[in-house]
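Report on one structure; see the data block that follows.
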Amino acid sequence: MQTRIRPLKCLCCRNFQIFSKPKAQTLVQFKHNQSLVLIQQESTSNFRTFHDETREIPEYCSQGKHEFLRSPVPSKDESSAMDSKALEVQTLLKQINGQKSVNEIEQALTLLGLSLNEDLVLNVLRRHRSDWKSAYLFFNWVSNSSGYSPGTGSYNEILDILGRMKRFNEVTQLLDEMSKRNKSLINERTYGIVVNRYASGHMIEEATNFFYKRIEFGLQLDLIAFQTLLLSLCRYKHVEAAEFLFHSKKNEFQFHHNIKTMNIILNGWCVLGSLREAKRFWNDIVTSKHKPDKFTYSIFINSLTKSGKISTAVKLFQAMWEKGCTPDVTICNTIIDGLCFKKRIPQALEIFKEMNERECCPNVSTYNSLIKHMCKIGRMDKVDELLREMKEKGGDCSPNDRTYGYLLNSAKTVEQVVGIKEDMERSGVKMMSDGYNLMLRLFMGWGDEERVTWTWREMEKSGVGPDQRSYTVMVHGLYEKGKMEEALVYYNMMVSKGMVSEPRTKVLVQAINIKLKEGGLETKA
């Protein structure tokens, strides 16, 4: 079958522009035979996101021709001392940033007498992932005034923070600085971060050009790097551009595409929600020399379930067994989640029961799908049963932060929230920003100001926030309680950190300003 793709009038080879700016959609990446494959996050929470996967790697390893170097893991005592020092820096920056000049802040940092190393710098930067101004100020002090030269890990972290906040001028400056200092500072993870963040900013031309600049940094133009570019474009819904690049490079000798590359494009169309284009590309795969593998089936079955075609997905799932292509746990999870969503829970539990019989062991994502939907229908007895089973099995079935997130979301009282939080700690599960934000929303709704304050401080102490969502919860929650001036304080704090508020929050703040002016009070937003 002849491949069909809509022509792109403003897209050609290395110099092109796409004028639409779609919103980002979270994808998940995993590796298979040293290649990159994508599937949607809901179907496999045990896989890490693209950036997190590149972060968690052995001390020295390689992926094909791509090599990575990681610092030794510090001991428990060293980590505790490092956390203490990082918290000291975080507290200092919080107290004086915005009130003092850059020179005064740098002098204050110098007076701390820090013994800088890569792990401490990374610790501080990760505490400011939602506060790019403080992170960038600290990094510049480290790089220019402290006498310590940051390594690749620190550069990568600040690049990701700046890219996440769309500070691309600063990203360009840092890349120039890295290149001038030592081109070897720019490694595969640097490439992945920059390409991903350019794609998130809908800067397709810049992302593509950065791929070609790999040669300047001593990196090869190989298939894995090209797949990284494609998956970044698809992640932020530039699938048409990604498929154009795929077809334009498929005949070049260094880009001998395989089924993994085609899976990236297929998944892109699926995540975009274009079932028509997904079917078209599925047919292209079926008629090509690259036959579908488990991941191809997983992607397409996931697309069918998300489009509400659960019956068709179940038929394709059953056809896999008949063709001798045994579905893995990811595909089973997708079917279970889709059946639960359609309220066909008995059928979902039947597949869950059959998984062990067919030597397809459930994992935490399997249990999370069932727990999520059991919480929605109030079957807390079944939830407790599944949670006990997860703890007994352990390993890949151990509860994670998402498990407890579903439990928190179903909590009805302060006591239940406290109990869930304590159970998390006993299980050794670290609460992430989503969990803290959920607790903020619950405590705010219940009017428990003391626990709201405690949650906020715990979030700061743990280094996972507060983020844009945290401030949004506070602004809207305080407004609903009639505390308009306090809501403005949190809004101004959010804006001062360079965070972009949601449209609904901007509308709310405008309403607050009008009400305060009518009451004769001065506003500051």
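Note: Cβ is positioned from N, Cα and C throughout, glycine not excepted.
Taken straight from TrEMBL:
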REPEAT    258-292  repeat 'PPR'
REPEAT    293-327  repeat 'PPR'
REPEAT    328-362  repeat 'PPR'
REPEAT    363-397  repeat 'PPR'
REPEAT    467-501  repeat 'PPR'
Which sequence-distant residues neighbour the repeat 'PPR' (467-501)? Criterion: at least 6 residues beyond either end, Cβ under 8 Å. 98, 129-134, 165, 167, 433-434, 436-437, 440-441, 444-445, 447, 452, 456, 459, 508-509, 512-513, 515-516, 521, 523-525
Mind tallying the repeat 'PPR' (363-397) by DSSP state, helix then strand then coil? 30 helix, 0 strand, 5 coil
Tally of residues which DSSP labels helix, strand or coil - the repeat 'PPR' (467-501): 26 helix, 0 strand, 9 coil
Across the repeat 'PPR' (328-362), the model's average pLDDT, rounded to a whole number, is 91
